[in-house]
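Among the features that TrEMBL reports, active site, nucleophile is placed at S251. Feature annotation from TrEMBL assigns active site, charge relay system to D274, H329.
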Amino acid sequence: MYTCVCFYLPDHRRSALSFFTMGSSCSNHLGIPPGNGPNAVGCTDFMMDHTAEGTFFRLYYPCQEMESAGKPDWVPYKEYFNGLADFMKMNRALSERIFNYLFGSFKIPAYLDAPFKSNEKCPVIIFSHGLGAFRTLYSAICAEMASQGFIVASVEHRDQSASATYYFCEKPESERSNEWMYYRALQHGESEFPLRNKQVKQRADECILALDKLTEINSGISVQNVLETHFDWSTLKNSMDLCRIAVMGHSFGGATVIEALCKEVKFKCGVALDSWMTPLDDEIFPRVKQPIFFINSEKFQWAGNISRMKKLDSAVIQRKMITIRGTVHQSFPDFTFLTGNWIGKLMKLKGEIDPELAIDLCNKATLAFLQRHLGLEKNFNQWDPLINGEDENLIPGTNVNLLQSESVQRV
């Protein structure tokens, strides 16, 4: 399950916060690493309509180099801090100050609304966030994929699994206001599976709806974006290679990958990062026909969860699994880059491995897998050994002993 950083600080004065953010970080500075590919990266937001049913996503794409363009805030509105507080059962007023101090100054490593630019049609990735997250929290991964030539739509789910999200009610523009939807916690005595299973089905539908909207945009159909951005969506006409589409996600988003593959054959393969398999019906496993790549952390997984991944093993369809040594569940979202070493490890945002090395291994293995199964003509196959766990920082398969009790679920 997606478990965000939980800041329990007995003294929240500025001096104390300064202490908590200190510590020799594995990297020399705090910040979200930019993409390593040959393309500059732009980003913009798309909101389909004035209802909670319409799709909402952050789009990352190759862009024109624009040093003058601004980079957006990592957390766009204070309401997201409130949602994180609700998710972690913290006081909103206190946590907003803490989160704003710790994270309020960080930027996404992409140019906001920069003009699209690519010399070839771009393969497409739909990305699904984890429980308690939202569309901007995986920008290191999404920006890397865009820098390598992909168009990536990072969906913000409206199934009440995001810590917060919003839509605009249809009112006169002068009266327009955000309608916020916050994370829905389990009620006392409520069984988890029915809620999560309902949510994972909605999440998959939202990923498919995002793909449908991108398909319209690619065909040149004029689309209405409720958000007032400066991005020219018409420039994306014929920009996408819609024969080469993948779905990717973390934790609850990993389960969403499996559900989406079952529901939509246009997704040619899936990459599931440290998946939380609990929300899925067993009956869907034999119905998934596309290749899947499970990339796991060393510290999160347990026997029952891995056993459910193994139910997707196939003699004829490639299903691969690797584990990154020294990683924790939060080694995939951006939080891992934004805290010092001491508090990062205390709050399980960092493992023993340098977070930039961990995400680099994850991204390179992903790119190699996508080249293999989307039929890309790139040089990503130089990282093919990573798919098999051939690196000193990788474990082929899993580190979990599947003979241990499968009744324990770590969340």
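For all residues, glycine too, the Cβ spot is worked out from N, Cα and C.
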Between S251 (active site, nucleophile) and D274 (active site, charge relay system), what is the CA-CA distance rounded to a whole number of Å?
5
Calculate the distance in Å between the alpha carbons (Cα) of D274 (active site, charge relay system) and H329 (active site, charge relay system), and round it to a whole number.
7
Validating a neighbour-count step here. Other CB atoms within 10 A of the CB of H329 (active site, charge relay system): how many?
28
